[in-house]
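Chemist: Got a structure for you, questions after.
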Amino acid sequence: MGPRRKASKLQPVGGSGGGELLPSPSETKDYINELSHEVLCHIFRYLPMKDIVCMESLSRKLREAVTLYLRVVKGVDLCAGRWWEYMPSGFTDSSFLLLLKKMPDLEQLYGLHPRYLDRRRVRGYEAFSIPGVLEALQACPNLLGVETSHLELVEAIWNYMPQVHILGKFRNRNGAFPIPAENKLTIPITAKIQTLHLVGVNVPEIPCVSMLRHLYLKWVRLTKPQPFKDFLCVSLRTFVMRNCAGPTNSLKYVPLVTGLASARNLEQLELVRVPFLGGLIQHVVEDSWRSGGFRNLHTIVFGACKNALEVDLGYLIITAARRLHELRIQPSLTKDGVFSALKMAELEFPQFETLHLGYVDEFLLQCKMTHSELVKYGLADVIENPGIITDIGIKVVNEVFTNIKYLLIYNCPHLHNPHHWITDQSRWSRLVDLSLVRCHAIKLESFAQFIESLPSLEFICLDQMFREPPKGCARVGLSAGTGIGVSSALVSNQNSNNDNENNNNNHHHNNEANLPPAPPPVNNNNNNQRQQQHNGKFPLHLQLLSHIGLVQQSTAGPASAVVPKPPLVISDSDSEEEEGLVSRLMPASSLQQTTSCTEGVSTSYCKGKTPLRRSNNVALPVSASVDQSKAPVPDISCEKSCQVTSEQIKADMKAAAENSRRTSVKGITGEARDTAQRADNGTPQNSGSAGSAARTGSVVSGAGAATSRQVGGCGRVVMGMSHRTTTTTDRVAGMGVVGPCGAPTGEAAAVNHASRRPLLTGQRERASGSDQDFVPRRPLTRSCTRMSSVSLVPETGKAEVTHLMRKRMADKSTSTSDPVTEDDHVQILSLKSKNLVGITLTNCGITDLVLKDCPKMMFIHATRCRVLKQLKVESAPIVNRFDYAQCKKLDMEQVLDQILRMPPERNRIIYMRPMHQIDTVALERQLFQGPYPYHIAIVHEFSNPPNIRNKVRIRSWMDTIANISQELIKYEFFPEATRTEEDIKNYPRYPWGRDIYTLEGMVDGAPYSMITDFPWLRTLRAADPNSYARYDFEDDESTTIYAPRRKGQLSADICMETIGEEISERRQSKRGVFQRVVVLFLHHCDTPGDPVDDDYI
């Protein structure tokens, strides 16, 4: 069809004598009606059915063409290819029958997705009903297949028109959980369907359906007692069963697994919360693998399968090794032994790419219901513990799956040192995407070292990683951040630091599905020898029993007194808020402890989560208590996860002695003197050490070194525990006064248990401000206090009053519940990677992000990182997208300065959602006045809930603005602007040598404001659309800042034709332009301080 001619009014030809007149605009030709019926029918093939039917009423010619088209058409789509939408509303039984009667040759009817269907007809009432649809379908004699998503309609088709196929993917649209009682479907054996996707449906059974290729069952209640009795789908390629309410008896799943084995072309197997019999898959695979059972699997997913064993998973993996490329493993099977066994099988996995360890289904992660509610609604009774795989297991993973590209690890708290995952046999040379979620024990320095060693890594995703310890943990000796609610000594490693490969090798086979890690052994050397013997001679369960027996023997006291120990429960923890974590860390037993040092009792026990320890308590006179710390007491309870060297001990002793001398000179209140005198008149009380005292030159370790503190002639034991030992919740800041018989007096009753008060001697003196040089020996590690800084020198002749100590301890605390001002735990993530493209941080506890050397890095996304403050860019030339959303402590000024000081090699967009009010004037001054060689735009967006339209559209046109400037500078010899220190001095006031203007408007009812010095933009926005204008795009100036497609401004060359006049003006005034632009997009929806939920972040 040629270009349409312009109709114009013509003047008479040949002067005033008259002449022939051409037609006026009102008499234009109707070109459509001049087309033949065949051409019109060809055009109809490209139109939706709704438009074709509308054309019947336009003209007689078109009505004839529509009738001819419908008579010969064989396939019709009522949704015009939009399978997710509903068919046009307004149909009734009679109108739908009339339409289908016009299509006698119809074979395939797509898009039969009615929004609502009545179950039955009502006399005298015109409606759209299931019987009416069936009648209309039966009016098409050649009908072969129908596409629908209506449960009752598909069942009616199966019952009354069994020869009709169900086309495409059948997926009901009214699925929900809890499963609605009205959603019912009975699947007949004769059903002609290839893809059946059921969500929230009650189904009696899954029969033998020979044509079925893809079966998805999600939230399906199987109502018959034997729902898989006749299950046999030989053509099945995909079987997914997620969170279904089926039989609780594991034996009833036997026909399901045998039926799946008979599907020789099965490619995808996903079982989530399916309580099949443990060991069943192993036996079925043994029987069927020779005939091709499970040989073609490329995806295997096990999630929350209550009885699944390692052999079930292992046999499937081994059988499908040739084609397997994705594997998701539930936490109970995420253990070292699975991969050690696969390594011993010596198989190759040539196509394997994706591994998800500790896999938990999204429904279980997002569901608000409790476990008991899920069980009440029919789901299997399963409680998942975190995966117990260790660094050794991850190391073996890459030795087994050498081609792995995508690795996701969820909630594996026994992983510590990622740089140990790399060996000569495990290079991770093809790993492209790494995601770590809730692996709280991974060390930041080791992780950075691991990233640097990965040659192909492009994407990093960290979620709930490197969590900051709760405030106050450093003072009370809690090890925060492990997130599983047990002592850090148990988490970090059972035998030693994770750096010690030998000890690890002895212990890593002892992991079982539902057992917590064993307590630390008492004598490392002896235990290692014993464990080697056990590992060599006994089966796994005997090794575990013998190991537990050793620990129980070692923890018994000298008097063989058995003290009950609270069970260690590894919860699927989340360590969300500081107070919540601390309350979980403290067991109920720790709040009701017995007195740790009482007269007449020679042993003391702590009922915390640390293992019980022997105590060598020797009755000593008070005069000898000073030398007690130097006495060579055997080192019985020893944990390497908390070490203090002899040099550190000597330094602490010296510092504490100096502090005691300095403070003793200062006056003591009269009340303190009276108390000291009353205490001196009493009988001296013997004091015993409640922990492991150290020999000179030996290593003191354990939960803490115990010191004997004498208060007014009465000895008292003060435990300095650097890990999650027993703490108090009382808010008394100082140590109380002890009477002559060891009983607390007055306010001191609140703190009468020394083991509940890990008050450090050195800290106590430092609180008075007398010693500025003493530095606690507590390195900045994730476990908060890996080393104990307890002074081992007892003090004599010093009494303290509670209110005095409260004054001195204003900035110190001995309980996590005390009000304390403490700086955030500094955690710096330093990235160095030659191929890294982007990093995504969510709920991470890092404070600083450093880009050391990332030549290919392009984006940084940080969301809800509470303590993220600073960004340092050393070398990342092409990073151009920065997203900081809901990072409440972000130093905006520092981050913006770092980004804008980068060499102008790329256009950059910075998206921020601050949680506090922004000083816009100061922000504009910083950006526009600073030494930044970019054109800058600051966009303030006020939509709530957040609208991302402006943000997304800016990315499409900011490059066009920069490209125009680059073209002018490179090819038109246009002056280039500079931003040197001299320029800054020349323009000290607004507008700082820039052409700054403001654009304002509304988007979806919310205002926006843009302050910028972008050249060309105002002219382009004001220009009329050109011949390239596209109206297929939804945006215009009323819905976004600038819509270049509506203007036809599709490239820099086209735009330069429009802005020629502005180019000349700038050239004449000698105002240069920058080659690059930066956009700062500020979304103010979170400004009140309450984060707004947003699906886009």
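Please read every residue number as a count from 1 along the shown chain.
Placed from the backbone N, Cα and C atoms, the Cβ positions cover glycine too.
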Chemist: Would you please say which range out of 653-707, 763-817 has the annotation region 'Disordered' in TrEMBL?
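Modeler: The listed stretch tagged region 'Disordered' in TrEMBL is 653-707.
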Chemist: Average the pLDDT scores across the domain 'F-box' (33-67) and report the rounded value.
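Modeler: In the predicted model, the domain 'F-box' (33-67) has a mean pLDDT of 83.
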Chemist: Same chain, outside the domain 'F-box' (33-67) by at least 6, Cβ under 8 Å from its Cβ: which residues?
Modeler: 76-78, 80, 88, 99, 102
Chemist: Take the domain 'F-box' (33-67) and count its residues per DSSP category (helix H/G/I, strand E/B, coil), listing them in that order.
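Modeler: For that range the per-state counts are 27 helix, 0 strand, 8 coil.
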